[in-house]
Structures are given as C-alpha cells and as structure tokens.
Amino acid sequence: MRRALPWLLPLLTAAAGLVTLDVGIGPIVKYSAYFAVAIALPGTLLLRALWRSTGNWAEDVGLGSIVGATWMLVGWALFTAVGWQAWLAAWPLLTLAAFALPQLRGYWRIAMPEPVPVLWTWGLVVASTLLVAATIRGVMAYHVMPPDGTAYYQDLLYHLSMISELTRAVPPELPQAVGERLEYHWIPNADMAAAVDITRLTPTVVLFRLWVLPWLVVALLVCATLARTVSRVWWSGVLVAAALSTPNLFLLVDTSLNLSAPLSYLSPSQTFGLVTCVALGIFLIDLLFRGGGGRLWVLVVALAIVGGGSKPTVLPVLVGAVGLAALYQLKRRLVLVGVLLVVVGAVTLLTVTGSTSGSQIQFLAILKSTPGYAAVTGNNTPPGFGGLVVPSLTHGAVWGTILLFLILLVVQAASLAGFGVARRDPVAWFLLGAMTVGWLGYLFIDHPSVSESYFLYTATPFSLAAAAWVAATCRRRLTLIAVLVLVFISPVKGFVQSAIYGDTERWPIFRSGPQRVYADEQLAARWLAKYTAPTDVVATNTWCRPVEAVTPGCDARGYVVSGLAGRRTLIEGWAYTTEAMSDQGVNGRRYTEQPSPWPERVALTQEAFANPSAELIQRLRAEYGVRWLYADARAGSVSRELARFATLRHSQGKVEIYDLGR
C-alpha cells in the first residue's frame, strides 16, 4: 500500500488542474472511478489470467489498462449493436464478478512479487505529475471547451462528431453524410463513447478534459515497461519516462497547440495507438523470444486489431519489427506472426481505417513542412504535391536540402538514439525493425497533412527503449553521454523555441478566423443537442470553414452540427472522407478544398433553404430521413418561405432551426 501512495501525486495534480479549468469535482471523481473500476482493474485481472503478472502493480496496471480498454471495446460493440448502451456499466461489473469466483480469485494477487525499486516508482510518479501538469496548464487551457470558445481546432470537433455517433450505432455511420459508412481509425473514439455511456458525462468534457490524462500516464508506464523488459535494468524505464515527459516541461510556462510528439492531445488516435503498439510489442517479445505462449496469443490478436483500428502506422511498425527479427533468426514462428499481423492489418484497413488516402511516395517530403523550407530552398511546393523526390532537390537547392535534413535529424534525435542497439540478440533486431519502418515511412511518404510523421512517432518508444538499453549496458562513458544527449535534445529544443519566440501561440487561448464558430451558432447547436433525439438527421448548410466561405473550393471542415450538436447530418464537412482525400491534388487543390463527393446532397440542401417547396421538403424526409433544418444565414441564402413548409422551433441570431415533423 505504501508503494501506491506516491501515485496520489499525479492524481491530485490532475484534479487540482482540472478544477482551475472549471471542471467540477463530480465529473473528475466519476471519470476517475470509471477508469479505475471499468478499465484498469478488469484489464489487470485479464492480463494476469491470459499472460502473467510483471511482478509489480504499477506495470500491471499500465499494461492492464490497454487490455481493459480492449475488453471494454468488446462490451461496447455488443451492447451498442443491440441498443443496450445504457446498461454498458454491467460489462465491467460482470467481469469483476467472474474474477470473484474461487477458480479466478487468485488473479487479484501477485503470485510471485518482483517489486520495482522505490526510485523507479518516484521516477515514474514525478514524470507523470509533470506531464499531467504541463498538459493541463499549456495545452488544455489553450483549448477552451465549447461553448465558451470563439474558435475550435477542427479535428477536435470532428472527434466530437465520431464520439456521438459511436454512442448510438455499431457499425457507425458517417456523421457528415447520413447512411454512409464511417471510414476512419475510430477505435479511440469508441473508447470515449464507452466512457460517455457509462459515466453519463458529455462527449465534450470527456474529449476536451478527461480522456487523455490517464492515457498519458499509461503511456509512460508501458514505455517504461518496454525499456525494462528489453534491458532488464530498472532505471532504463525511468530514463524513457523522463525522455517522454521532459519535452513538455516548457508548457508549464508557455502555451502550445499540442503536446510534444510522440504524445498528442489533438490526436487521440496517436496516443491510444502508441500505447497499444508498445504493449503489443512487449507481448510479442515475450511470445517470440522469452518463452511466452498459450493464451498470450489471445492478447496479441486482440491488441493487433485494436492497434490497427487506432492508427494505420501501428501494424506496419510491428510487422517491420517482427520481420527484421525473423530475417536475423530465420525462424518459422516469427514468419507466421508476421503474416498474422499483415492479415490483421489488411482486415482492419478494410473495416475500420480510412485516413491514409491522399498519400504518395516522395523522398524527403517531410522537409516541405519544416520551418524555413521556402526561405532556404526557394521552393514553395506544399505537402501532398510534387514528384518522387522533394522538389527542392529537382530545383537545384541541394545544399539547402542537405542543411534542412541535418537539422531534421537533430530535431528527431530521440528517434535516432536507439540505432546503436545492434547486437546478437533477436530482441535488439526487433527494436531495430520497428525503428527502421518508422524512419522509412517518415522519409518516403508524402501526406498533405504531414501524417507521415506518425510513422516516426509510433516508432519513437522503441528507439528510446533501445537507447536506454545501450545506456544500461555500455562500458564507455563517451557512448553513454552521446546517448543521453540524443535522448534529451527534445526538451532543450522546447525551451529554446519558447525563449526565442515567446509564447509558442500568439494568444492565451485558441483563436482562428477560419475556424471561428459564432456564439449564436454554438447556442443553436446546444439547443439542437438538448431537444432532438440522438438518431435524428439534420440538414444544414455549415460545411465550410469559415462558415461564410460558401464559394466552391472552400475548406470543407465545418462540423458545427455533427460536432457541437452531435447529430447526424445530410451533408456537412466532407474533407476527412476517403472520397475527398483520394482527390488530393485534383485541379491543383488540397483534399480539404475538393468538391463534395455527394454533390446531389449539397444541391438539395441549398435549394431547399433558398427556394423551399413541398416537394423539396418531402425529398429531404423520404430520401434521407431528415427531421430538422439548421439554417445559418451566414452560409448562404435562407428563405423566409421555409416557415410555410416546416415549423420554426428555435431562432438564435442568424440561425434558425426548423422541424419537418415525423
């Protein structure tokens, strides 16, 4: 029990920080209890039943949390598919009841305790506390929670739309185009939907304030466990936790749009996918190289499915890890596991993920997104455009390109630090395989939103674990110093950048003209969320951002109704659909500015709002099941004649909400 007391520090820090952001004690206690009782505890028991204990509660809870989340996703899918979401709390309670049976009661205890040193505990506690405090102070406070902000980062509203959808249907529909399949790596959003179902908290408070904090602590725990697993030295885990936490320390005195990679606030899929990938890596190491087997296969397959559905980079990194180890050992079992991961990845790609469209092959494309690229090379080609080689090379700016590449290597030094791990141990080659795939994806893929970075971010924990292994076993002081310098360049970079530029962001809270959401739009969206059924369909004209940009080629990432109101729409922002992303570069435009893949829906909405008729209203009802109209006068013509064919239920500034009836 005394070893558990230090962990009150990050918990109390999180609670105190959230209170300063106007999150009530009730939601904090409720979500903490949910994560402990419905995720961490059942997962820890399942971990021990299907595998074993690590010998200590901290690492068990870290790995057990992702196992518990995976088990919760099974329950969420079953309960949601049959419409029993309101009873989802029974799923973890039934699990705990099963482990109260005499046959399973032994898993509540650690049969063969191998406690970690007190210094390990305090190292992880301090790293977790600092990371939680920095996240709340520098990132969460920057992103004001709806409806109190004037603008919201578009991805957060998109995630809100998916959380709402995943509380009502399995398989989910695309909230921005009712009746279409949601093709995205939505597994982390399903995890949030399960939390919403059980805690009865709003998707907004779960996404903006509560969900990420425990997963950041879990990320430190599983990454530290990976380092201790491969090196067999306890302090290697503390080194890795420090390497992940310290790059965010500047947030204690500054603000930023996001956390320092590989952790992320804006991308739940990155944080959740990273935890899944590292945990799966630990299980694969035990299965392939440390004599594990039996029921461990169940965990490997389950986490492979969850990882593939969380981030498209997870399975390629692990396939590379298993593949390089297989080449080193030439063992059939390794090849079979590699084939299994490829198959699971293919199935997941077909059924869940869908954000990889729009990518192309281009060597060193990542340089186009680095600061100073245009100034150094004289080339202005944006991400997602160009040939097989970064355009600066084909335009003759060779030395400028080399300079930027060298700077890039310094910036990403932590992801390079582990390459010195090569040795006569297949586990080392497993780590090298993960790092190699991460760098190959980073250097050879060109995505219009620079998503190739996620390859490197996913592989970074493996590099840090390898670097810690080198540090733990090297005999040369110079080697140790070199490894530590590479690992800890990132936090120095954060403070230097903050000192040079002042506040990383120009405002204490997020502000953006293109992403502005007006007060009347937000209040109208709140009314819609409160007085309409979760499955109601809304026709709206708010697909552009800013909402006034109604000309063809606008940025189609408007999510006022599907995001803030949480309702299905006839058509809203379509930029993140597979169809739109596949059109990246058509007519020289980014995927965010492509025409709607469903032009007939856009035309029907605009015509019904501008020139309403009984026939058009009937088409909305009969063909798409539309019940409500959310008409924003800023987004286009809204005729007063609408009141002849529908009932005006609410008016807020320039927004009118009409009821078409059932």
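Numbers here mean position along the shown chain, with the first residue as 1.
Backbone N, Cα and C define each Cβ position, glycine as well.
The transmembrane segment annotation in TrEMBL covers 31-51, 63-82, 88-107, 119-140, 206-226, 272-289, 296-328, 334-352, 397-421, 427-445, 454-472, 478-496 (among others).
Fewer than three CB pairs closer than 8 A are found between the transmembrane segment (427-445) and the transmembrane segment (31-51), and contact between the two stretches is not assigned (pairs 6 or more residues apart). If one looks beyond the transmembrane segment (88-107) by at least 6 residues along the same chain, the residues whose Cβ comes under 8 Å of a Cβ in the stretch are 37-39, 41-42, 45-46, 48-49, 68, 71-72, 75-76, 78-80, 194, 197-198. Listed as Cβ neighbours of the transmembrane segment (397-421) (distance under 8 Å, sequence separation of 6 or more from its ends, same chain) are residues 243, 364, 366-367, 370, 372-373, 376-379, 390, 428, 431-432, 435, 438-439, 442, 456, 459-460, 462-467, 469-470, 479, 483, 485-487, 489-490, 493. Ranked by Cβ pairs under 8 Å to the transmembrane segment (454-472), the stretches 63-82, 119-140, 272-289, 296-328, 478-496 are led by 296-328. Within the chain carrying the transmembrane segment (206-226), a Cβ under 8 angstroms from the stretch's Cβ atoms is held by residues 10, 14, 18, 21, 23, 27-28, 31, 35, 39, 54, 58-59, 61-63, 65-66, 120, 124, 127-128, 131-132, 135-136, 140, 143, 145-146, 156, 159-160, 163, 191-192, 195-196, 199, 237-238, 240-241, 244-245, 263, 265, 268, 271-272, 274-275, 278-279, 281-282, 461-462, 464-465, all 6 or more beyond its ends. Counting Cβ pairs closer than 8 Å and at least 6 residues apart in sequence, the transmembrane segment (272-289) and the transmembrane segment (63-82) reach three or more and so form a contact. Counting same-chain residues at least six beyond the ends of the transmembrane segment (119-140), those with a Cβ under 8 angstroms from any Cβ of the stretch are 3, 6-7, 9-10, 13-14, 17-18, 20-21, 58, 208-209, 212-213, 216-217, 220-221, 224, 234-235, 237-238, 241-242, 244-246, 248-252, 254-259, 263, 265.
For the transmembrane segment (296-328), the most Cβ-contacting stretch among 31-51, 63-82, 478-496 is 63-82 (pairs under 8 Å).
Sequence-distant neighbours of the transmembrane segment (63-82) (same chain, 6+ residues past either end, Cβ-Cβ under 8 Å): 35, 38-47, 50, 54, 88, 91-92, 95, 166-170, 187, 190-191, 193-194, 197, 214-215, 218, 221-222, 225, 272, 275-276, 279, 282, 299, 302-303, 306.
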